[in-house]
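Listed in TrEMBL for this protein:
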type	residues	note
DOMAIN	7-246	domain 'Aspartate/glutamate/uridylate kinase'
SITE	LYS12	site 'Transition state stabilizer'
BINDING	GLY44, GLY45, ARG66, ASN161	substrate binding site
SITE	LYS227	site 'Transition state stabilizer'
Amino acid sequence: MSKDLEKIYVIKIGGNVINDPEKLAAFLAKVASTKGRKIVVHGGGKLVNQLADKLGIVQQMVNGRRITDTETLELTAMIYAGLINKKIVATLQANGCNAIGLSGADGNSILAQKRPVGEIDFGWVGDVKEINTLLINQLLSAGITPVFCSITHNAQGQLLNTNADTIASTVATALAATQPVRLVYCFEKKGVLADINDDNSLITSINPEKYTQLLADGIVADGMIPKLENAFAAIAKGVQAVTICNDNDIVEILENAPDYGTTLTK
Ligand SMILES: Nc1ncnc2c1ncn2[C@@H]1O[C@H](COP(=O)(O)OP(=O)(O)O)[C@@H](O)[C@H]1O
Ligand SMILES: CC(=O)N[C@@H](CCC(=O)OP(=O)(O)O)C(=O)O
(Lines of atoms letter the chains of each structure in order from A and count residues from 1; the text may use other names and numbers.)
(Lines give C-alpha, C1' and ligand atoms only; values in the text may rest on other atoms or scores of the structure.)
(Ligands and ions follow the chains in the order given, each with its own letter.)
Protein backbone atom coordinates (compact mmCIF):
# COMPACT_ATOMS: atom_id res chain seq x y z
CA MET A 1 0.00 0.00 0.00
CA SER A 2 1.42 3.40 -0.96
CA LYS A 3 2.08 5.65 2.04
CA ASP A 4 1.46 8.67 -0.20
CA LEU A 5 -2.21 7.86 -0.62
CA GLU A 6 -4.48 10.35 1.05
CA LYS A 7 -6.38 8.88 4.00
CA ILE A 8 -10.11 8.10 3.74
CA TYR A 9 -12.24 9.03 6.75
CA VAL A 10 -15.21 6.81 7.56
CA ILE A 11 -17.36 8.77 10.02
CA LYS A 12 -20.29 7.12 11.79
CA ILE A 13 -22.87 9.25 13.57
CA GLY A 14 -25.04 7.91 16.39
CA GLY A 15 -28.79 7.90 16.91
CA ASN A 16 -28.96 10.41 19.79
CA VAL A 17 -27.18 13.07 17.73
CA ILE A 18 -29.46 12.35 14.75
CA ASN A 19 -32.44 13.00 17.03
CA ASP A 20 -31.12 16.45 18.03
CA PRO A 21 -31.55 18.75 14.98
CA GLU A 22 -29.15 21.44 16.27
CA LYS A 23 -26.41 18.97 17.15
CA LEU A 24 -26.84 17.14 13.84
CA ALA A 25 -26.63 20.38 11.83
CA ALA A 26 -23.50 21.50 13.71
CA PHE A 27 -21.89 18.09 13.24
CA LEU A 28 -22.61 17.91 9.50
CA ALA A 29 -21.27 21.46 8.98
CA LYS A 30 -18.01 20.28 10.57
CA VAL A 31 -17.93 17.12 8.44
CA ALA A 32 -18.57 19.18 5.30
CA SER A 33 -15.67 21.47 6.18
CA THR A 34 -13.25 18.52 6.48
CA LYS A 35 -10.92 18.37 3.50
CA GLY A 36 -10.29 15.12 1.68
CA ARG A 37 -12.16 11.89 0.99
CA LYS A 38 -14.85 11.02 3.47
CA ILE A 39 -17.77 8.65 3.94
CA VAL A 40 -20.65 9.16 6.38
CA VAL A 41 -22.52 6.23 7.94
CA HIS A 42 -25.69 6.49 10.03
CA GLY A 43 -28.47 4.46 11.59
CA GLY A 44 -31.14 6.20 13.61
CA GLY A 45 -32.28 3.55 16.05
CA LYS A 46 -33.62 6.10 18.52
CA LEU A 47 -36.07 7.60 16.02
CA VAL A 48 -37.28 4.12 15.02
CA ASN A 49 -37.89 3.33 18.72
CA GLN A 50 -39.97 6.51 19.10
CA LEU A 51 -42.05 5.89 15.97
CA ALA A 52 -42.53 2.19 16.75
CA ASP A 53 -43.83 3.25 20.16
CA LYS A 54 -46.36 5.60 18.55
CA LEU A 55 -47.42 2.89 16.09
CA GLY A 56 -47.63 0.23 18.80
CA ILE A 57 -44.98 -2.00 17.18
CA VAL A 58 -43.13 -3.64 20.07
CA GLN A 59 -39.34 -3.55 19.66
CA GLN A 60 -36.75 -5.91 21.08
CA MET A 61 -32.98 -5.45 21.13
CA VAL A 62 -30.54 -8.29 21.86
CA ASN A 63 -26.88 -7.36 22.41
CA GLY A 64 -27.50 -3.98 20.80
CA ARG A 65 -29.12 -5.50 17.69
CA ARG A 66 -32.77 -5.07 16.72
CA ILE A 67 -34.96 -8.14 16.21
CA THR A 68 -36.46 -7.18 12.87
CA ASP A 69 -39.88 -8.59 11.93
CA THR A 70 -41.52 -7.61 8.63
CA GLU A 71 -43.30 -4.55 10.04
CA THR A 72 -40.10 -3.38 11.72
CA LEU A 73 -38.12 -3.90 8.52
CA GLU A 74 -40.55 -1.64 6.66
CA LEU A 75 -40.34 1.01 9.38
CA THR A 76 -36.52 0.89 9.51
CA ALA A 77 -36.22 1.10 5.71
CA MET A 78 -38.53 4.15 5.65
CA ILE A 79 -36.66 5.91 8.42
CA TYR A 80 -33.01 4.99 7.72
CA ALA A 81 -32.98 4.87 3.90
CA GLY A 82 -35.65 7.58 3.60
CA LEU A 83 -36.05 10.46 6.02
CA ILE A 84 -32.73 10.37 7.89
CA ASN A 85 -30.55 9.59 4.86
CA LYS A 86 -32.09 12.35 2.76
CA LYS A 87 -31.96 14.90 5.61
CA ILE A 88 -28.25 14.22 6.10
CA VAL A 89 -27.53 14.47 2.37
CA ALA A 90 -29.52 17.72 2.07
CA THR A 91 -27.68 19.24 5.05
CA LEU A 92 -24.28 18.29 3.60
CA GLN A 93 -25.35 19.85 0.28
CA ALA A 94 -26.36 23.03 2.13
CA ASN A 95 -22.81 23.14 3.52
CA GLY A 96 -21.17 22.83 0.11
CA CYS A 97 -20.40 19.12 0.35
CA ASN A 98 -21.64 17.10 -2.63
CA ALA A 99 -23.05 13.94 -1.08
CA ILE A 100 -25.02 10.96 -2.34
CA GLY A 101 -27.29 8.85 -0.16
CA LEU A 102 -27.07 5.07 -0.48
CA SER A 103 -28.67 1.98 0.96
CA GLY A 104 -26.77 -1.24 0.32
CA ALA A 105 -29.10 -1.96 -2.61
CA ASP A 106 -28.11 1.26 -4.41
CA GLY A 107 -25.30 0.48 -6.82
CA ASN A 108 -25.16 -2.95 -5.12
CA SER A 109 -22.96 -1.09 -2.66
CA ILE A 110 -23.44 -3.46 0.31
CA LEU A 111 -24.44 -7.06 -0.23
CA ALA A 112 -25.65 -8.94 2.84
CA GLN A 113 -27.22 -12.25 3.82
CA LYS A 114 -30.00 -12.87 6.28
CA ARG A 115 -28.54 -13.87 9.62
CA PRO A 116 -29.09 -17.62 10.09
CA VAL A 117 -31.51 -18.52 12.87
CA GLY A 118 -29.52 -19.77 15.85
CA GLU A 119 -30.30 -19.43 19.52
CA ILE A 120 -31.99 -16.16 18.60
CA ASP A 121 -34.05 -15.46 15.50
CA PHE A 122 -33.12 -11.89 14.53
CA GLY A 123 -35.60 -11.84 11.64
CA TRP A 124 -34.65 -9.58 8.70
CA VAL A 125 -31.19 -8.73 10.00
CA GLY A 126 -28.38 -8.81 7.46
CA ASP A 127 -24.74 -9.81 7.90
CA VAL A 128 -22.49 -8.05 5.40
CA LYS A 129 -21.00 -10.25 2.67
CA GLU A 130 -19.40 -7.81 0.26
CA ILE A 131 -18.69 -4.11 -0.14
CA ASN A 132 -18.59 -2.59 -3.63
CA THR A 133 -15.29 -0.76 -3.20
CA LEU A 134 -15.10 -0.03 -6.95
CA LEU A 135 -18.26 2.08 -6.76
CA ILE A 136 -17.21 3.78 -3.51
CA ASN A 137 -13.78 4.64 -4.92
CA GLN A 138 -15.37 6.02 -8.10
CA LEU A 139 -17.65 8.28 -6.06
CA LEU A 140 -14.77 9.45 -3.87
CA SER A 141 -12.60 10.13 -6.94
CA ALA A 142 -15.43 12.25 -8.36
CA GLY A 143 -15.37 14.33 -5.16
CA ILE A 144 -18.68 12.90 -3.92
CA THR A 145 -19.24 11.90 -0.30
CA PRO A 146 -21.22 8.63 0.02
CA VAL A 147 -23.74 8.64 2.90
CA PHE A 148 -24.62 5.06 3.89
CA CYS A 149 -27.66 4.15 5.93
CA SER A 150 -28.01 0.84 7.75
CA ILE A 151 -30.22 -0.90 5.19
CA THR A 152 -28.61 -3.58 3.01
CA HIS A 153 -29.92 -6.13 0.48
CA ASN A 154 -29.38 -9.77 -0.48
CA ALA A 155 -29.45 -9.33 -4.32
CA GLN A 156 -32.72 -11.29 -4.42
CA GLY A 157 -34.98 -8.36 -3.72
CA GLN A 158 -34.90 -8.62 0.05
CA LEU A 159 -33.95 -5.56 2.10
CA LEU A 160 -32.17 -6.30 5.38
CA ASN A 161 -31.49 -4.30 8.54
CA THR A 162 -27.80 -4.16 9.47
CA ASN A 163 -26.31 -2.46 12.53
CA ALA A 164 -24.85 0.90 11.45
CA ASP A 165 -21.65 0.35 13.46
CA THR A 166 -21.12 -2.84 11.43
CA ILE A 167 -21.67 -0.97 8.15
CA ALA A 168 -19.01 1.58 9.17
CA SER A 169 -16.56 -1.13 10.19
CA THR A 170 -17.02 -3.29 7.08
CA VAL A 171 -16.85 -0.33 4.67
CA ALA A 172 -13.68 0.90 6.40
CA THR A 173 -12.14 -2.58 6.36
CA ALA A 174 -12.89 -3.19 2.67
CA LEU A 175 -11.33 0.13 1.65
CA ALA A 176 -8.32 -0.44 3.93
CA ALA A 177 -7.16 -3.31 1.71
CA THR A 178 -5.78 -0.76 -0.77
CA GLN A 179 -5.51 2.58 1.03
CA PRO A 180 -5.14 4.11 4.49
CA VAL A 181 -8.46 4.43 6.33
CA ARG A 182 -9.43 6.09 9.60
CA LEU A 183 -12.70 5.07 11.28
CA VAL A 184 -14.41 7.44 13.74
CA TYR A 185 -17.53 6.60 15.75
CA CYS A 186 -19.22 9.80 16.92
CA PHE A 187 -21.98 9.81 19.55
CA GLU A 188 -23.33 11.94 22.38
CA LYS A 189 -20.78 10.95 25.05
CA LYS A 190 -17.06 11.82 25.20
CA GLY A 191 -16.08 8.24 24.39
CA VAL A 192 -16.17 4.98 26.32
CA LEU A 193 -16.77 5.96 29.96
CA ALA A 194 -15.82 4.10 33.16
CA ASP A 195 -19.04 5.49 34.66
CA ILE A 196 -21.75 6.06 32.07
CA ASN A 197 -23.17 8.95 34.16
CA ASP A 198 -19.86 10.77 34.51
CA ASP A 199 -18.54 12.45 31.36
CA ASN A 200 -15.23 13.02 33.14
CA SER A 201 -14.58 9.28 33.39
CA LEU A 202 -13.29 8.91 29.81
CA ILE A 203 -11.25 5.77 29.12
CA THR A 204 -8.65 7.09 26.69
CA SER A 205 -7.45 3.77 25.29
CA ILE A 206 -8.80 0.20 25.12
CA ASN A 207 -7.17 -3.02 23.88
CA PRO A 208 -8.97 -6.40 23.51
CA GLU A 209 -7.89 -7.57 26.99
CA LYS A 210 -9.22 -4.43 28.62
CA TYR A 211 -12.45 -4.78 26.60
CA THR A 212 -12.97 -8.31 27.96
CA GLN A 213 -12.58 -6.95 31.49
CA LEU A 214 -14.92 -3.97 30.89
CA LEU A 215 -17.53 -6.36 29.49
CA ALA A 216 -17.23 -8.77 32.42
CA ASP A 217 -17.54 -5.85 34.87
CA GLY A 218 -20.68 -4.57 33.10
CA ILE A 219 -18.99 -1.23 32.36
CA VAL A 220 -19.75 -1.51 28.66
CA ALA A 221 -23.29 -2.55 27.79
CA ASP A 222 -26.12 -2.14 25.27
CA GLY A 223 -25.18 -0.40 22.02
CA MET A 224 -21.58 0.01 23.18
CA ILE A 225 -21.05 -3.76 22.77
CA PRO A 226 -21.53 -3.89 18.95
CA LYS A 227 -19.66 -0.59 18.64
CA LEU A 228 -16.56 -1.98 20.36
CA GLU A 229 -16.80 -5.37 18.65
CA ASN A 230 -16.94 -3.64 15.27
CA ALA A 231 -14.16 -1.23 16.23
CA PHE A 232 -11.81 -4.09 17.18
CA ALA A 233 -12.73 -6.04 14.04
CA ALA A 234 -11.72 -3.03 11.94
CA ILE A 235 -8.37 -2.63 13.74
CA ALA A 236 -7.64 -6.35 13.39
CA LYS A 237 -8.34 -6.22 9.65
CA GLY A 238 -6.07 -3.32 8.76
CA VAL A 239 -7.93 -0.07 9.44
CA GLN A 240 -5.18 2.33 10.55
CA ALA A 241 -6.96 4.02 13.46
CA VAL A 242 -10.32 3.71 15.20
CA THR A 243 -11.66 6.30 17.64
CA ILE A 244 -14.93 6.58 19.59
CA CYS A 245 -15.67 10.21 20.44
CA ASN A 246 -18.17 13.02 20.93
CA ASP A 247 -19.81 14.50 17.84
CA ASN A 248 -18.62 17.96 18.93
CA ASP A 249 -14.97 16.90 18.76
CA ILE A 250 -14.86 15.58 15.18
CA VAL A 251 -12.57 18.34 13.88
CA GLU A 252 -10.10 17.92 16.77
CA ILE A 253 -10.15 14.14 16.34
CA LEU A 254 -9.42 14.33 12.61
CA GLU A 255 -6.58 16.77 13.36
CA ASN A 256 -5.16 14.25 15.88
CA ALA A 257 -5.49 16.63 18.82
CA PRO A 258 -4.64 14.73 22.03
CA ASP A 259 -7.09 14.11 24.90
CA TYR A 260 -10.20 13.53 22.80
CA GLY A 261 -12.20 10.30 22.63
CA THR A 262 -11.29 6.65 23.17
CA THR A 263 -8.61 5.14 20.93
CA LEU A 264 -8.75 1.41 20.18
CA THR A 265 -5.49 -0.53 20.04
CA LYS A 266 -4.55 -4.10 19.07
N1 LIG B 1 -19.15 2.45 29.10
C2 LIG B 1 -19.93 3.14 28.26
N3 LIG B 1 -19.54 4.35 27.83
C4 LIG B 1 -20.32 5.08 26.99
N5 LIG B 1 -21.52 4.68 26.56
C6 LIG B 1 -21.97 3.46 26.94
C7 LIG B 1 -21.19 2.65 27.81
N8 LIG B 1 -21.87 1.50 28.03
C9 LIG B 1 -23.02 1.60 27.37
N10 LIG B 1 -23.11 2.76 26.69
C11 LIG B 1 -24.24 3.16 25.90
O12 LIG B 1 -23.96 2.94 24.55
C13 LIG B 1 -24.72 3.89 23.80
C14 LIG B 1 -24.17 3.99 22.39
O15 LIG B 1 -24.65 2.95 21.58
P16 LIG B 1 -26.02 3.09 20.77
O17 LIG B 1 -27.16 3.22 21.72
O18 LIG B 1 -26.07 1.96 19.79
O19 LIG B 1 -25.87 4.47 20.09
P20 LIG B 1 -25.34 4.94 18.68
O21 LIG B 1 -26.58 5.30 17.96
O22 LIG B 1 -24.47 6.10 19.00
O23 LIG B 1 -24.58 3.81 18.03
C24 LIG B 1 -24.62 5.16 24.61
O25 LIG B 1 -25.68 6.03 24.35
C26 LIG B 1 -24.64 4.63 26.04
O27 LIG B 1 -25.93 4.68 26.56
C1 LIG C 1 -29.78 -4.88 13.15
C2 LIG C 1 -29.79 -3.57 13.87
O3 LIG C 1 -29.68 -3.56 15.10
N4 LIG C 1 -29.89 -2.48 13.13
C5 LIG C 1 -29.90 -1.18 13.72
C6 LIG C 1 -29.62 -0.18 12.60
C7 LIG C 1 -29.65 1.24 13.06
C8 LIG C 1 -28.50 1.59 13.95
O9 LIG C 1 -27.52 0.89 14.10
O10 LIG C 1 -28.68 2.83 14.51
P11 LIG C 1 -27.76 3.51 15.60
O12 LIG C 1 -26.42 3.71 15.03
O13 LIG C 1 -28.48 4.79 15.82
O14 LIG C 1 -27.74 2.63 16.82
C15 LIG C 1 -31.27 -0.86 14.36
O16 LIG C 1 -32.29 -1.05 13.71
O17 LIG C 1 -31.26 -0.32 15.49
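Each residue, glycine too, has its Cβ placed from N, Cα and C.
Sequence-distant contacts of LYS227 (site 'Transition state stabilizer'), defined as residues of its own chain at least six apart whose C-beta falls under 8 angstroms from its C-beta, comprise GLY64, ASP165, TYR185, ILE244.
Neighbours of the substrate site: apart from GLY44, GLY45, ARG66, ASN161, residues of the same chain with C-beta atoms within 8 angstroms of the site's C-beta centroid are GLY15, GLY43, VAL48, THR68, THR76, ILE79, TYR80, SER150, ASN163, ALA164. Checked against ligand 2, the recorded positions LYS12, GLY44, ARG66, ASN161, LYS227 give GLY44, ARG66, ASN161 in sequence order as having a Cβ less than 6 Å away from one of its atoms. Within 10 Å of the C-beta atom of LYS12 (site 'Transition state stabilizer') sit 28 other C-beta atoms, taking all shown protein chains into account. Taking GLY44, GLY45, ARG66, ASN161 as the binding-site residues under consideration, the smallest Cα distance to LYS12 (site 'Transition state stabilizer') is found for GLY44. Maximum C-alpha to C-alpha distance over the listed substrate-binding residues GLY44, GLY45, ARG66, ASN161 is 12 Å. Under DSSP, GLY44 (substrate binding site) is assigned to coil, being neither helix nor strand in the three-state scheme.
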